[in-house]
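Asker: The structure that follows is given in the form of structure tokens.
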Amino acid sequence: MKERFRVSGGARLQGVVKVDGAKNSVLKLMAAALLAEGTTTLNNCPEILDVPLMQKVLEGLGCEVQLDGPTVRITTPKKISGNADFEAVRQFRASVAVLGPLTARCGKATVALPGGDAIGSRPLDMHQSGLEKMGATTRIHHGAVVAEAEQLHGAKIKLDFPSVGATENILTAAVLAEGTTILDNAAREPEITDLCEMLIAMGAKIEGAGTSTLVIEGQKELHPTEHNVVGDRIVAGTWAYAAAMTRGEVTVGGIAPRHLHLALEKLKLAGADVETYDNGFRVRMDKRPEAVDYQTLPFPGFPTDLQPMAIGIAAIAQGTSVITENVFESRFRFVDEMQRLGADCSIDGHHVAIRGKETLSSTDVWSSDIRAGAGLVLAGLVAEGETNVHDVYHIDRGYPQFVEKLRSLGADIERVAD
Ligand code: UD1
């Protein structure tokens, strides 16, 4: 059933909200459970659509998966299938995270090329060349990536770009390879550090977690563990920008503020009052935001997944902001929808200049990916009148109880059948 969110603008968001574990971590941790025979338990999991999708992927490979609210238990048998070429895999990007574990454990892995968000071409060349350096042969065959290796061996690998997905697949293959792998220019996102921490608890030997050089000494086997998923910095950042855009005051728990350092610094530049705690922060804004420029970059840069929120705040700011997208080439599709809401934007290559306006004006808009969908809801919160955000299944893939949480902060929003 198709659904939309009906949002009425004007409310000032106020209150306390807690974020769950990160979508971009839990799915990779679930895939990493393939590396060890036995039952792996993940706590603090978000209840989002992608988790049952990953459940289907793992079940298709022979695992038993139990979803119990925020706890996910995965029981991996001694022998798993290396063939992930089925419908569930094609439905979301993160399914490609099974490639590393399957290549390491099965000798031959076939993983259907993922679908997912319409944000850019998203090739797998760095995933493939990393595995090839470790002794695998890889090819794209009938819409799937196929990797084969009798026994992976350690290697020196330098990524052209600190790709999150390639870092994860190389890491989860290297933990079971023979010898030492040195991965340079690795991604440093907190979700990678979370994965390293879980792998270390499973018996992996990894040095340099959280830095751009990972040194991985392969082990003969790993054992299952219990792990708490790191808080979702993108969801937390969405709340921070929602608070600032609505001139509200929101306290966000369940997140290390250092994981959002630059995003919160930018809000301060826009005029917000930001206070940080051990495991959370508070954002308060009592005036129209000032224009601020943004450049998306790999962590610790400003996250591309918060780019729609940066555009949202720029659209109502005093002055002109320039936002530069350096990670995904198609992410400015979101700008077309913002223009429907009256935002004054001009795109030039991977830059968009936004002349801020006092207010936006409501209309019907369509989500093209998870973060664009959430960004449109934020814009709806500050638009005059009633905005309808369509295709909300995108938002449901990444934001647990989004409508309920927004309502608890005072937003006028409801989910209705389309
Ligand atoms: C992950 C996140 C996504 C986030 C992104 C960047 C998940 C499920 N998704 O995506 O939300 O926006 O990190 O923080 O965790 N690239 C290549 N060749 C490759 C791999 C990547 O050219 O082999 C390019 C991509 O097209 C893109 C850039 O590198 O332009 C970054 O991609 P990457 O960091 O790999 O992002 P994902 O892991 O796909």
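Placement of Cβ uses the backbone N, Cα and C atoms for every residue, glycine included.
What TrEMBL says about a protein is an automatic prediction, not a curated fact.
From TrEMBL, for reference:
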ACT_SITE  Asp117  active site, proton donor
BINDING   Lys23, Asn24  phosphoenolpyruvate binding site
BINDING   Arg93, Asp305, Val327  UDP-N-acetyl-alpha-D-glucosamine binding site
DOMAIN    8-406  domain 'Enolpyruvate transferase'
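What's the neighbourhood like for these features in this structure?
Answerer: There are 27 other Cβ atoms within 10 Å of the Cβ belonging to Lys23 (phosphoenolpyruvate binding site). In the three-state DSSP assignment, the secondary structure recorded for Lys23 (phosphoenolpyruvate binding site) is helix.
DSSP assigns Val327 (UDP-N-acetyl-alpha-D-glucosamine binding site) to coil in the three-state reduction, outside any helix or strand.
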Asker: Distance between Asp305 (UDP-N-acetyl-alpha-D-glucosamine binding site) and Lys23 (phosphoenolpyruvate binding site) at the Cα atoms, whole Å?
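Answerer: About 12 Å separate the Cα atoms of these two residues.
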Asker: Averaged across the domain 'Enolpyruvate transferase' (8-406), what pLDDT does the model get? Just tell me the whole number, please.
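Answerer: Average per-residue pLDDT within the domain 'Enolpyruvate transferase' (8-406): 95.
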